[in-house]
Amino acid sequence: MTRLLVVYFLISALLVGLDQWSKYLTVQNISLGETKEFIPGFLSLTHLRNTGAAWSLLEGKMIFFYVITVIVSVVIIYLLIKNYKKSIWYSVGLSFVLAGAIGNFIDRVRLGYVVDMLQTDFMNFPIFNVADSTLVVGVICIFIYLILDEKAAKEGKNGTN
């Protein structure tokens, strides 16, 4: 395994650690259902238990989430190992998506639900967590890679962004 590939897996591990640490702090310091102002007018912390996905979709379907998460994680690890030199955008994106999937998977296996805590005060949006955020950032990075790769292909380059 090359150093670069180790860096991408280290990124995932650090993000999983940050996610689990934030959930631990939430459970230890905020009662279930309680809200604490964090950044006034912007972000509050609300301790919730989510047995589904975003917006509580597929609530209670834990076996489904276990199977999908394992499959997705294996595919991402395979793609990262095979393509880690392809693009920093692509590889960082995969690392972030992997971290998000694993972070929420740990909660589901250990607790039977996912701990959510981040609540936007400036707009009505479902309460989420660090793992959810890393998933979104990862997908954005992969989209940037796809856009840059398509642009490079149109310009006749080899498409390595």
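Counting starts with 1 at the first residue shown.
Each Cβ is built from the backbone N, Cα and C atoms, and glycine gets one as well.
The structure displayed is predicted, hence computed values, not measured ones.
Within the same chain, residues 80-81, 84-85, 91-92, 94-96, 98-100, 102-104, 106-107, 115, 117, 129-131, 134 sit at least 6 positions outside the transmembrane segment (4-24) and bring their C-beta atoms closer than 8 Å to a C-beta of that stretch. The transmembrane segment annotation in Swiss-Prot covers 4-24 (among others).
Taken from Swiss-Prot, the feature transmembrane segment applies to 61-81 (among others).
Residues annotated as transmembrane segment in Swiss-Prot: 87-107 (among others).
The active site annotation in Swiss-Prot covers Asp116 (among others). Close to Asp116 (active site) in the fold, though at least 6 residues off in sequence, lie Thr46, Leu48, Arg49, Asn50, Pro126, Ile127, Phe128, Asn129, Asp132, each with a CB less than 8 Å from its CB.
Residues annotated as transmembrane segment in Swiss-Prot: 127-147 (among others).
Per Swiss-Prot, active site is recorded for Asp132 (among others), and the stated evidence type is sequence analysis. The Cβ neighbour count for Asp132 (active site), using a 10 Å radius and every protein chain shown, is 21.
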Who are the chain neighbours of the transmembrane segment (127-147) in space, where the CB to CB distance is under 8 Å and they lie at least 6 residues beyond its ends?
15-16, 18-19, 22-23, 46, 48, 50, 54, 87, 89-90, 92-104, 107, 114-119, 161
